[in-house]
Amino acid sequence: MGAQEAGARTQQEPAAPAREVAVEQVHLDRVYRRLEEKIHEAEFLVDDAEKRGQVGTPGALAERDAQVYQAAVHLQRLNAEFEDFLFGRIDLLRGKDGKRGPDGAYTATEVAEDAVGPGNRAEIAETLHIGRLGVLDADYAPLVIDWRAPAAAPFYRSTPKDPGRVVRRRVIRSKGRRVLGVEDDLMRPELTATLDGEELCVIGDGALMASLGRARSHTMRDIVASIQAEQDTVIRAPAPGVTEVTGGPGTGKTAVALHRAAYLLYRDRRRYAGGILVVSPTPLLVSYTEGVLPSLGEEGQVAIRAVGSLVEGAEADTYDEPAVARVKGSSRMVSVLRRAARGALDLGGEVPRSLRVVAFGRRLELDERELAQIRRSVLGGTAPLNLMRPRARRLLLDALWGKAGRGRWEESARGRHLVDPELIAEAREGFDEDVSIEQEFTDFLAAWWPVLTPRRVLAAMADERRLGRWSRRLLNQREVRLVARSLSRLAVDGGGSLSVHDVALLDELRVLLGAPPKPVAPREVDPLDELTGLEEVTTYAERMYGGGRSRSRAESLERERTEYAHVIVDEAQDLTPMQWRMVARRGTSATWTIVGDPAQSSWSDPEEAARARDDALGARPRRRFTLTVNYRNPAEIAELADKVLRLAMPGMPSPSAVRSTGVMPRFTVAGGELGPEVRRAAQRLLDEVEGTVGVVVAMGRRPEAREWLAGLGDRVVPLGSLEAKGLEYDATVVVSPAEIADESPAGLRVLYVALTRATQQLTVVCGERDLPDANGVPDLLRD
Ligand SMILES: Nc1ncnc2c1ncn2[C@@H]1O[C@H](COP(=O)(O)OP(=O)(O)OP(=O)(O)O)[C@@H](O)[C@H]1O
């Protein structure tokens, strides 16, 4: 259903809602009765499965797990008492053909020619209930259709303009086993449709509005009961290549991306057992969204990671100042790091100028010139630095052997020559062994070609002079100073706190250095891996019954995983070129879904980022979609934010807000100190809304903001402007628009993000720089 084109509603008699709730209650009771039957079966199967498991053949194991899986799924669903296990229903006209799909529903999407009779009268031919999981009755008729099944698509796609077979679309609200209410949309108001001889009635104001009005909590909810047609097209888009989605704030990009992950797993579980990676801009957005997939019944195969946590063992906990971030994120860093990796060979303390060893009773020496030549020759290759080390060692030994050999040759002139190649090879082997274990040789190698870690090289870049050398003609002096200073918080070995942008640099260095891989425990051979479509069996069954062993196996597999079958990038407009490279490494043969909004980009050079994104995606075919409706902000807030959009990106269309609250944004001016005014504004909003209040300040103000708001309780969240990305609150306080806008070259776009976080109310507090007019409206928000 298009949000703008909600289906018509007719006046209903007063008893109708209760009657319709009772009708749905009857159906839900049937569903639960069926699930209870399945539970009894399940208990028997689990019991039986344990016995089969002891047989231990792959076939028996597979069968056991398949049985346990079926049982486990139903048990889990029933016991979890999902708030809305069953949430939808569609009443359909007869379709063109009489074929049924595997879920028992008719497959036709077009209406049969004779489905509508004279006087626009029609009989409902099929009623389908849609839920989080498919349930069949004992005769294999569908009691509930899985929301991702093709038969459920009309629930999301049908609009009054293009209704297909749907006459009435109903959203059912339930809690546990109790139906609480229904909301209907009529897709074919011109019809007089009957179901079992009774006229169809239409209840409520539509599900979408009901859901949008609800108070927000600290976690995102799934939107499975009210996905809109344009969103559904994205969720169900074919997997191959790249699906690119753009849309303004609040158009559901994040929600759609997460539902798409669940959909892809449903459609092709075997392929996506390779893992789906969701890259999110901040840890806050990760914790805000990570509940959605479990609520859709999917969690095992999907990793939601902040862009600063993509490298194992490197968890970013700080943000760089915009000017530093701008350099660290730029693709110029690729060349800087390449030079740094090579230059870091001289980091091993005092680098020896010559190599002296004793072998075959002689003193052998390689001088500075000879050593430099060997190094040049090794560095002529393209292998990662640490992986070049064996070759460097070999060339040193060759050179030393050459010298030892000359002496031998001289001896041979006195009649003791070695000409037999086998003897020569033997002598050489002995020579290598002798030299390699000599302390002088091993000490020399450790200092002359040290094993380098990414962190150590990064820390070495904190030396301004050294970094200046490595970035000659790539960075200017000021940029060198900024980067070096920001890295000075790292210890010499690279230990210490990392910024979000450092992590992409570390990942690049990891590739350049080829850091020796950590020894990994051999992966157990799992007979189920060989069997079509049964991967989920282990996941579920083990989660339910397997206990510690299986969980730790799954966790360790997840940790080992560096490549994914599908990569979803949320807030893609914010990835820097260096971050694109890092993400691309995790999906070299993946299919991709990328969602973002250029108008919300906090990256200063969008064109550079676009080039990096093109490189990351390569020649994969792209499919583009635009989402056009803002489900988050009321029109009053969206209109205010539009003023900043016009300044930040003139000509950029803004999404249309789907609802209006009649409550205008409020403006206040802090006289002198900001703190007391911000606290007052937050307190007032706390009294006015039920859920959360976000207080957005410039990044540099974060510590102060925490103090201003201390003691107001956990419904209030202080946030830096960059941390507000993707989040939403019932009400927001935006503190000093001018400060936020001035903080970086992309400041106006960051301000646009800050202004579009509220679902109900917005207060803008002006500080010294905002130049408020008589009504307290800052200059950036005036017409
Ligand atoms: N079809 C829908 N039904 C109900 N709620 C919806 C629907 N689509 C989106 N929403 C709600 O609208 C809000 C905005 O969604 P979401 O955060 O996914 O938007 P976004 O496009 O990612 O926004 P931004 O670009 O600002 O981060 C969320 O609360 C989401 O649950």
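A Cβ is built for glycine as well, from the same backbone N, Cα and C atoms used for every other residue.
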Per TrEMBL record, range annotated region 'Disordered' [choices 156-175, 596-615]: 596-615
Cβ neighbour count (within 10 Å, all chains shown) around LYS253 (ATP binding site): 26
Shell of the ATP site beyond GLY247, GLY248, PRO249, GLY250, THR251, GLY252, LYS253, THR254, same chain only (C-beta within 8 angstroms of their C-beta centre): ASP597, LEU627, ASN630, TYR631, ARG632, PRO655
In three-state DSSP terms, the structure that GLY247 (ATP binding site) belongs to: strand
Mapped DSSP class for THR254 (ATP binding site), helix or strand or coil: helix
Cβ-Cβ distance under 8 Å to GLY247 (ATP binding site), same chain, at least six residues away: LYS253, VAL595, ASP597, THR626, LEU627, THR628, PRO655
Other C-beta atoms that fall within 10 angstroms of the C-beta of GLY248 (ATP binding site): 29
Neighbour count (Cβ, 10 Å) for THR254 (ATP binding site): 24
